[in-house]
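Comments concern the structure below.
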């Protein structure tokens, strides 16, 4: 039906007869001439109808936005004065000789001249996806997956599918359960990741595996999360953590070069401890120049409990954040930042406004200055390298609250004051995570997942001091987003059972949930390591949007609903009966 795409016509096509198929993006009726912007997935081209083709001109008068049409005509060069530099096809236009209206469109529920609500866009997603910016994002996503497949194939990886209907295993979030009709009362789980299957593939001898795969997690959603999402899943045998990072870094550098024309260069490597200390985050945005500075040792003897308490507590921390030019902040802005850090558990926000260092105490403005002598203040200014016109904010509490609150404040202030260089790309690897973290109930939980290997520890050493264990894990971070994470896996049965035990999984439960894995570990398991990238998040970064729903064709809302199909929906009672399922309504409180 077509010979060319609208958006691909150029000066090289001048004089050619072409047939185009697409939609009316806009129509302009000048009486004797009618112009339309005709759109398809590749872009927009101007088509015009003149009186010499009377039948086509008459039919064109009926056109409205989003009519689906076919046009045959001749490509012509525009006059110099009519060239549109804002359009890829702006140097040419098509003189229509024939027009076919394939399908008319009712009054549109979306307004192309105004910003539509996200709810409306999701309800009429098939219309929203016609917009050039949305089409471009999905084209970029398709290009990314194509580049990934070619790269992985060139590096000896095999694309192997793993099951969608599997067994529920504890991986951190709730599972989506699928009832079995054949096995009454039993349920499959949709996979949160192919983690165990890809490890089993390593045990099967397929030493380089990858898959672009759907994963499912029934968790509370945020703006950058979906209940179903896509991973670029990778696993290798007989490769060390640095070797895995080298190949995966090469993949991401390849994507940025091909999609953005940007060479990311070598990625710096930073430990978890350093990232938390300097940036208050395990996914630091290195485009922001500000860092946290420890000042507890300067404040242990002050008669100000807010500082002295955490400064003398082994689990406490006092950190300073020097904000270049921050002395210009108003009292209202400072109060707003004080309320902001309370979201993260901080009790407030102390500060020193540096007006003129040379004047000593008279050159600063601070509600806590009365608790600090000139010598201590000077030491703080020296350590933070504060200059005239800067602001120093303080966080004082337990280490986690200080990291969370001051790390978030660093990001917010950096954005608010334009200190974060939005034109840069800042990738890095974060390594050496704690293997376990406090679960809040006196126990431990795996920081990544229970199949991550400890670094340089035997099973006996791990059992004796799990709180000291460092995971042989690594995350890739770009511009403050964790785009991928992985680890060296446990390939020894004793070590795996030790980790399960530390996590409070008794032997009976181990056999029930992971018996197949423990059995497989008995038969010559190779050392293996892997990583998974979030395809949605990678695409988000490469297309310049901060909304993950913009890079998924048919996404869910933050309530995990599809407004277009109205999923989830109630099931047919007969279907439920066949599955031996009964829906029980909770009694309302009187």
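Quick reminder: no glycine exception, Cβ is built from N, Cα and C everywhere.
Going by what Swiss-Prot states, the ATP site holds 217, 218, 219, 226, 534, 535, 536, 537, and the candidate of 161, 276, 291, 482 recorded there is 482. Within the listed segments 191-194, 195-198, 199-202, Swiss-Prot records region 'Aspartate' for the stretch 195-198. Reduced to three states, the DSSP call for residue 482 (ATP binding site) is strand.
It is 482 that, of the binding-site residues 219, 482, has its Cβ surrounded by the most other Cβ atoms within 10 Å.
Its Cβ taken as reference, residue 535 (ATP binding site) is surrounded by 24 other Cβ atoms within 10 Å in the chains shown. Residues near residue 489 (L-aspartate binding site) in space but far in sequence (CB under 8 A, at least 6 apart, same chain), listed by position: 199, 202, 451, 452, 453, 528, 529, 530. Cβ neighbour count for residue 537 (ATP binding site) (all protein chains, 10 Å cutoff from its Cβ): 20. Secondary structure counts, DSSP: the region 'Aspartate' (195-198) has 4 helix, 0 strand, 0 coil.
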